[in-house]
Amino acid sequence: MSLKTLGRQTFIYGFGHILARLVTFLLLPLYTNILSQTEFGVISLIYTFLGFMTVILHYGLDASLLKYYVSAEHEEKTAILSNAYLSFVLTSFLFSAGLILFRYQVSSFLFGETLPNIVMMVAVILFFDVLWAIHGLILRAEEKSVAFVGMSLFNVCLTLGLNIYFIVY
């Protein structure tokens, strides 16, 4: 990879990352004007829990996937991707199912009150968030930075739109 390509991709990935973080900043006035302190606290806990559990549920396999996928031949790439994807599907499904099964206890532990519907939504979001990350990893491995940022922007716009819809309406 040339220095020019590295600089271009660093700029594109950095731009995409900044835009993704901008969503949180843009939602802050909406949250503080419409939500009570308790509701804002619940949303903050949800975001923290999602971020923490996404890292846990990747269990380092994302870094391994990148390492081995890049240097593999076509047939090996398919096998590596299939194994990683299956592993992510199984573990995130089992964890999400556990969250749903013990939603009352998890809700009481996380929020201090019973919000089982929130825990169910968090479980579903967590499941798809873990799987969504694999597609981003493959785009990064294949140096498709513009497609990666496009995917990230789609995710950002979807998150922003759904947050506004569910909080305002």
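Each Cβ is built from the backbone N, Cα and C atoms, and glycine gets one as well.
As written in TrEMBL, here are the features:
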TRANSMEM  12-34  transmembrane segment
TRANSMEM  40-61  transmembrane segment
TRANSMEM  82-106  transmembrane segment
TRANSMEM  118-139  transmembrane segment
TRANSMEM  146-168  transmembrane segment
- Item | Recorded stretch that, among 12-34, 40-61, 146-168, has the most CB pairs under 8 Å to the transmembrane segment (118-139) | 40-61
- Residues outside the transmembrane segment (40-61) whose C-beta sits under 8 Å from one of its C-beta atoms, at least 6 past its ends, are 24, 31-32, 84, 87-88, 91-92, 95, 110-111, 115, 118, 122, 125-126, 129-130, 133
